[in-house]
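In Swiss-Prot this protein carries:
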type	residues	note
TRANSMEM	1-21	transmembrane segment
BINDING	ARG107, LEU113, ASN288, THR359, ARG360, ARG383	substrate binding site
BINDING	CYS442	heme binding site
Amino acid sequence: MSWAALLGLLAVLLLLLLLLSRRRARRPGEPPLDLGSIPWLGHALEFGKDAASFLTRMKEKHGDIFTVLVGGRYVTVLLDPHSYDTVVWDLRTRLDFHPYAIFLMERIFDLQLPNFNPSEEKARMKPTLMHKDLQALTEAMYTNLRTVLLGDSTEGGSGWQEKGLLEFSYSSLLSAGYLTLYGVEASPRTHESQALDRDHSADVFRTFRQLDLMLPKLARGSLSVGDKDHACSVKSRLWKLLSPAGLASRADRSSWLESYLRHLEEMGVSEDMQARALVLQLWATQGNMGPTAFWLLLFLLKNPEALDAVHAELKRIVWQAEKPVLQMTALPQKILDSMPVLDSVLNETLRLTAAPFITREVMADLALPMADRREFSLRRGDRLLLFPFLSPQKDPEIYTEPEVFKYNRFLNPDGSEKKDFYKDGKRLKNYNMPWGAGHNQCLGKSYAINSIKQFVVLLLTHFDLELVSEDTEVPEFDLSRYGFGLMQPEEDVPIRYRTRL
């Protein structure tokens, strides 16, 4: 062996010795500490492979709070839903989401914003997603869903068409959402302009979907060389599609878009970075609705009793409406708010499939009080992680048969919404958390709920829809998606649909 090789081996051994000597020890008052068997990496491989299974094992071993080593970072995991409010409402000087958000923004979307303040941005965006602006968004979304769904069905004729359910749901909702937020070809609309809208928004979806499929690897920095080249190409295409100059001529742009672009200009953001910011916002506002609709429709198609209950509710609404749903140019908020069965189906779908990580950076050494009066010390520089998918959403103490879809789980016997769920004999405030919580709860929650419900109503009132094979099983999750919002399936589910005559 050459001297160079020996010196290299010695350097590696010294580095390993250094890493081993720096292995952290648990201090009094801290959560249980699990370092794993590999220096520095710790549990990174297990966590990345299947976060839910890994964290379930850790909970069984250590209880509802513990610290694990993951790729050089110490992550304290809290799985007691009674104690979540302590975290999500804490001061940013103690527990802050912003550093992690900025890290993902730069790593996934190549986006750098000067003096970026997520709290200020949310405050600017909030009015454009609520109240009167929410009504305008909801009405525009209904119009654009009709353009995407009914225009395509007219062009395709009245016969059966086959497609993957995820592709169908995702493409329909993202295309309509893009037109709603970023504008349409012309106003007033014509048959020609609507056809152009369908083609253009479909192009946006196809390109976006390529980026979406790479998102977990982008976030973890694990793309191959070939994938990196492909990611760069896809991002460049999206930046061109969503450039401020390209969007300037579009009609009926949302107040959200106008406000957000003004905000970016006031910050002195270049047009190139503005385009990247708009790609980020396309993912943030539209990336979860399509997968949600996929799971919801699949659960309905696999559960005839649930589908019958939703159909019965829609018939009641049609009977009570001032004019037929088929003739409505918009679904009034009053109608959208009077669908308790569909609301329960949506909540149950989200309970089973929404799996975001709620993360905070620990900004100072602090004591974290638990709901049961215990208190644990957290160290500055660590990361705190909540995973509501495990608890409360999949907790057998809170939900009987938590792995089973029950369409009426969130309904009381009198048909009203059920909100009373318990753990350890105490009523839970946070019993289902697909939208996050506290300072970082999703601003677009109402817009997303309205959009998904409108999509389901249009689909069930205008189309016949069925599985290609009745024996189709509910697919397994793509395990790499844990932490990024709605889970996606490992494979799509073939369906057939046709316009109802």
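Cβ coordinates are placed from backbone N, Cα and C, and glycine is handled just like the others.
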**OP:** Any same-chain residues 6+ apart from THR359 (substrate binding site) with CB under 8 Å of its CB? Would you list them in sequence order, or say none?
**Re:** PHE97, TYR100, ARG383, LEU384, LEU385, LEU386
Original post:
Going by C-alpha positions, which of the binding-site residues (ARG107, LEU113, ASN288, ARG360) is nearest the residue listed as 'heme binding site'?
Top reply: ASN288
**OP:** Give me the largest Cα to Cα distance among ARG107, LEU113, ASN288, THR359, ARG360, ARG383, the residues the record lists as binding substrate, in Å as a whole number.
**Re:** 25
Original post:
Which Cβ among the binding-site residues (ARG107, ARG360, ARG383) has the fewest C-beta neighbours inside 10 Å?
Top reply: ARG107
Original post:
Around CYS442 (heme binding site), how many other C-beta atoms are within 10 angstroms of its C-beta?
Top reply: 18
Subject >> Which of LEU113, ASN288, the listed binding-site residues, has fewest other Cβ atoms within 10 Å >> reply: LEU113
Original post:
If you run the three-state DSSP split on ASN288 (substrate binding site), which class comes out?
Top reply: coil
